[in-house]
């Protein structure tokens, strides 16, 4: 250890004499210094000799025989010197002094110019030089503050302790102590109960010095080693004397200094634990809340209950849109915050050498991820069901309307038919009337056969409604059954009437050819008219341009056949006109009545007119549907155009964030800055997602279920958006944790870049993890020696157990970084905390609550008192606390 003027402690005896001689030659040596040293060194020696029950009066005389010199060395070193010679001859004295000097030399001190003869002869300068060397070696040399030399360390200690005090500025060991305030400040800093510093004045140096020396002697057991008058009247007091006296202050307060250091260390450790517990409680609260929300939401998503109506399903679809737009986004942010808090907590636990945090059962990150995955699967299944139900119920409504239309038409046709078939009108008919009735009945049979297909269509539609579980199947089935029962009755009645007419045919034979011809032509034409009218008002449902264009094409083909139908209509009407002409010409009673059919020319004319009017109406209906499909096509293109921009944008942002997360772009601060810029850009881009949601709602409300213009769906864009936000938050959290690791562990940016560069070099696939072999190669690249023998493999397996404790087969970057920082930095340990508590407890194996409250801040003290178990060892006193088991529990080394 180096002393002032560049001399080592081992050569300080020689240096002392040389310096004294040089100052004396140059006229710089103050005679008062020797006086001050003599008084101070004498008092210092007596402060130790009194422990052996003796003292000295004259420093140059009382050490001449070497006996008290040897005794002084035994007291201050705690060691036993060789037995002294008890003779009074000069050689006896020289032998004793040499034993003392040899002991000093054995402690690493080389006394070049100080010999036993000078001490025995009472040489004051040599004696003072020897005593100063002893003081340096045994009172000052072991003082070390921030690895400075003894003198610099002692000076720095004085500066730090007196820094808060007014009028005190310690720069040296001579002028800085002349007014006595520095001595008073040192005492007040450690024992404020002994001195009222506020009443001291820089203008009363004598009073200040006497106050400090009296208090130190009375209460601190430090004898007066300096004379106040000498300090005040000497232009530059002797710094060796002041250093000697100040070193006594340092040793007197050394226990308090150790207690202060120990208390600070304990406070630091406890604050870390309190913050970690707060983060654990917040994680548990957030996890419980998120899992409870998922638990409450799942039954709704899994429910498939509806009122089997299109309006009911559309209401559920709107509720689902509200859930995705309003209720779920805050939960996405809550999940990201939960993962971020968990990673930050685990990083802080690793950095503070604490055991990893294990959430309560069912609330781990994996549990939350599984619950979230289940929620997403339920959402997809629920939306698919809603869309399928919408399509199914839309078709059901169409079929129900079609059933009603055909049933109405059929019931209109059958109205009065049963009464007609049960009529006995043919009993009073003449022959020609009977034949007319028979022909009329034949026409009816033809008409009845033509209606068979319609009845079968009605039954088929009813069967399909039953298969698709139409909500009003009961009334549909009842009406269908009534139609079928009536159809059976009509068949039976028709057969009985035909039998009766055949029986009467033997009597009535005359046939009106014209009426018969009219009936034959009118019946199928009437049937065609009825079918055509049904087709022209028939409801339809289409979803694509191709489907509506097909209907328009079929309608155009139908319109091309109207010319032939017009010819048939004119032919049938001409038959009636011919009958009217004959009846008028021959005055046939009742001849205008056609016995073969109930159809009339006015019926044909009315129905034909209806058909002619329905054709342009059908044109308009098809044109309206064409415009609707064109609008749907526009919506498809509008959604696709926007989606084909948003989708690639999300993918590019994801790639950029992933690249930053690999640590390839600048310092950690640069990466964090860029990630936060991306975060702002993503939130600024959110209106594009909301615009897409509006377009998507219009698409769904228009019953559009497919889009050939894009591969992106709203669901994939939502998931991509959520994954992008989650990736940015996760990468920001990882970079912040890396900064926390770097700063708390004291590793440089260059080291961190080296670790990241090496990791990325072996992470060929950019997965953010290494296989064991890749990890071994990475360690070797960083200069880590791993032998190829069996011992090397065992060492590597121990390392692998640290970085991959769950044996996943991969090493992630955070575990790799944690391992490398532990390899290159120091960490606090349970042993350090135990040593600190032991200092506060004055070496007792236990500590009392009052001691904790006296040495620690109130909240820190109460934290310890509430958590420390009672001490159960030997000699325990009431209220004793076990600080050892508490300290090991802080680092996860016990079951507390």
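Cβ coordinates are placed from backbone N, Cα and C, and glycine is handled just like the others.
Database features, via TrEMBL:
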DOMAIN    35-139  domain 'Calponin-homology (CH)'
DOMAIN    148-254  domain 'Calponin-homology (CH)'
COILED    269-296  coiled coil
COILED    427-454  coiled coil
DOMAIN    750-785  domain 'EF-hand'
DOMAIN    791-826  domain 'EF-hand'
Please indicate, using numbers and ranges, the residues of the same chain that are 6 or more beyond the domain 'EF-hand' (791-826) and have a C-beta under 8 Å from a C-beta there.
343, 347, 350, 663, 734, 737-738, 741-742, 745-747, 751-752, 755-756, 759, 768-772, 774-776, 778-779, 782, 784
Long-range neighbours of the domain 'EF-hand' (750-785), counting only residues six or more past its ends (CB under 8 A):
658, 661-664, 667-668, 738, 742, 796, 799-800, 803-804, 809-813, 816-817, 820, 823-824
Calculate the per-residue pLDDT averaged over the domain 'Calponin-homology (CH)' (148-254) and state the result as an integer.
90
I'd like the per-state residue tally for the domain 'Calponin-homology (CH)' (148-254) from DSSP, helix first, then strand, then coil.
65 helix, 0 strand, 42 coil
Summary of DSSP states over the domain 'EF-hand' (750-785), given as helix, strand and coil counts:
23 helix, 2 strand, 11 coil
